[in-house]
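Only one structure is covered here, and it is reproduced in the block below.
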Amino acid sequence: MDKVTKFFGSIPEFFKRNYVLLILALADVAIMAIPFYMDNFIPNMNANFRLAQSDYSQAGAIYGYVSLPCYILGAWLGDKFRAKSMVVLGIVITGVLGVWYVILPFVPLLAGNTEHVLQGTFRNLMVVQLCIIFAGFAFATCALFWAPLWKLVKNVNTEHLPKELQEKQVGKNNGIQGMLNGLIGLAIALFGTLLLELQNHEILGKVGGENGVSIGFLILISLYAGFIILSALLALFLIKEPKLQEPPSFSVKALISVVKDKTVILLAILVLGVYMLQMGLSSYVNYLKNVFWVPGLAVMLIGLMRTYAMRFMISGWFGKYADKKNSYIPLICIGLLIGMLLVGVGIILPGFGLDNITNDTDPNLKKASTIILQVAAGLNLVVMGAVTWAVVTIRWSPIGTDLRIANEKYAAAVNVVSVIAFTPDAFFKQIRSAIEAKHQMTIIINGRESIVADRLGNQLILLVVLGFGLLGLVSGIILHFVLQSRNKWEALESRLQVIESKIKN
């Protein structure tokens, strides 16, 4: 009883100490939800805009193309202006775009179009607007929000610590932020799952008739847009940055020195491998629904477990665990290797024959062998989620610890790593869109047709993930040995200096 009382008594103190991380976690969830997170637990997002799967993926690819130069721009902005100002501005712009995203499905309806899948001019107008929205998300997130977010997270509760302990706080801060991110995201997404399940059972209707806008989906995206605006207000009024004696400044020389550092480039490729696991898991949700024919509610719950519950359960303790180790790099490499093995299992599970189920009324869905495959595929995704969040929690920690990048170069280093590591936002979504366009099948769910990637298409997408994961793993192993060699030389030089000093004395 005393332990329970003590636990609940410590909660107010925890939030008082970490309220900045709570605000940043809310902002992180809200700003990333529409371009990324909803894909992880809502299958066939394209259907809400009456588009083919490849069209919606193409809009996502635009995010990636725009994000690459924006990370470079962010390297300049992140070290020139105050982190809080950049974070708030990025959130506000995302909020405006979020409102546009909410309104967008109504545009064809207002024009009198009731096609099940948009064609011709209406399809082109919808795709163009989605591309503009996703390009805006990329600018707000990558140029304004991303590096300052991690700079703020890094410096929470460190101002009174001695310098040697400040960097060790990074993993703990990342873990707490990730844990809170998972908790907030899980709560919102569970509510969203309830809405979409009510929609599937036709308890909630549609605005505009049979091919209109799902009320459940509309409420969910409106909720995310509202949280974006709320997080902007909280960040503006409640986050206090330490007063600097002089304003932050940007140094081209500092940026060039970061780019020339081979350890930064090797870390970037390692993080790219980790990020490919995340990208692959968003595709895996469609894989569960369209190839394994896992029921819609189960897909959403599994997606929630992978996206939010695993982050909440894993991030906090793993961040603390990683802080106790001498280096973060081996942990990231081990996690990446395990993740790759699980992706390989996902590729093999359904076999390599033709798609034999294209209708949710097919009697094969009731076979024991089909159910066993469904359970195995679902568990595989949940475990992959746990492994992914473990390594994602500490992916930025090596910048200040293993690589010893100074605080004034931190935002530049984050953006240089991001330019390379997050290129999958462009090329992977483009590859996925091309595969989905070439390897298509028409499935029938609840009496409605939908054009999706077939079994081979989904397997090829995961095979691409596996290939880039291997590239990241090789880079991480090289980085580990490079850092070990550097540390040995520095230790040797230190001993020689001591010996030289003793000889002189």
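The backbone N, Cα and C atoms fix where each Cβ goes, and this holds for glycine too.
Quick caveat, the model's predicted, so the values are computed rather than measured.
As annotated by TrEMBL, transmembrane segment applies to 20-38 (among others).
Feature annotation from TrEMBL assigns transmembrane segment to 58-78 (among others). Same-chain neighbours of the transmembrane segment (58-78): 35, 39, 86, 127, 130-131, 133-135, 137-139, 141-144, 146-148, 151, 250, 255, 411-412, 414-416, 418-419, 422-430, 432-433, counting only residues six or more beyond its ends whose CB sits under 8 Å from a CB of the stretch.
According to TrEMBL, the feature transmembrane segment maps to 85-107 (among others). Long-range neighbours of the transmembrane segment (85-107) within the same chain, counting only residues 6 or more positions beyond its ends whose Cβ lies under 8 Å from a Cβ of the stretch, are 24, 27, 30-31, 34, 48-50, 77-78, 125-126, 129-130, 133, 136-137, 139-141, 143-149, 152, 207-208, 213, 217-218, 221-222, 224-225, 228-229, 231-232, 235-236, 239.
Remote same-chain partners of the transmembrane segment (127-153), defined as residues 6 or more beyond its termini with a Cβ less than 8 Å from a stretch Cβ, comprise 20-21, 24, 27-28, 31-32, 34-35, 49, 51, 55-56, 58-60, 62-67, 70-71, 73-75, 77-78, 83-84, 86-87, 89-91, 93-94, 97, 100-101, 104, 107, 173-174, 177, 239, 241, 396, 410-412, 414-415, 418, 422, 425. According to TrEMBL, the transmembrane segment annotation covers 127-153 (among others).
Among the features that TrEMBL reports, transmembrane segment is placed at 174-195 (among others). For the transmembrane segment (174-195), the list of distant contacts is 18, 21-22, 24-26, 28-29, 33, 37-38, 41-42, 153, 204, 215-217, 219-220, 223-224, 227, 297, 300-301, 304, 307-320, 389, 392-394, 396-397: same-chain residues at least six beyond its ends, Cβ to Cβ under 8 Å.
As annotated by TrEMBL, transmembrane segment applies to 215-239 (among others).
Tertiary neighbourhood of the transmembrane segment (263-285): same-chain residues 36, 39-43, 299, 302-303, 306, 329, 332-333, 335-336, 339-340, 343, 346, 381, 384-385, 387-388, 391-392, 395, 398-399, 402-403, 405, 413, 416-425, 428-429, 432, 458, 461-462, 464-465, 468-473, 475-476, 478-479, 482-483, 486, selected by CB-CB distance under 8 Å and a gap of 6+ residues from either end. The transmembrane segment annotation in TrEMBL covers 263-285 (among others).
Feature annotation from TrEMBL assigns transmembrane segment to 291-309 (among others).
Taken from TrEMBL, the feature transmembrane segment applies to 329-351 (among others).
The annotation transmembrane segment is assigned in TrEMBL to 371-394 (among others). Below 8 angstroms of C-beta separation, residues 171, 174-175, 178, 182, 274, 277-278, 281, 284-285, 287-288, 292-294, 298, 302-303, 305-307, 310-311, 313-315, 318-319, 322, 328, 331-332, 335-336, 338-339, 342-343, 345-346, 349-350 of the same chain, each at least six residues beyond the ends of the transmembrane segment (371-394), sit close to that stretch.
The feature transmembrane segment is assigned by TrEMBL to 460-483 (among others). Cβ atoms under 8 Å from those of the transmembrane segment (460-483) belong to residues 262-263, 266-267, 269-274, 276-277, 279-280, 283-284, 287, 327, 329-330, 332-333, 336-337, 339-340, 343-344, 346-347, 402-403, 424, 428, 431-432, 435-436, 439, 453 of the same chain, restricted to positions at least 6 beyond its ends.
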## Note on the structure
Long-range CB partners for the transmembrane segment (329-351) (under 8 A, at least six residues beyond its ends), listed in sequence order, are 267, 270, 273-274, 277, 280, 284, 287, 291-292, 322, 373, 376-377, 380-381, 383-384, 387-388, 390-391, 394-395, 398, 402, 455, 459, 462-463, 465-466, 469-470, 472-473, 476-477, 479-480, 483
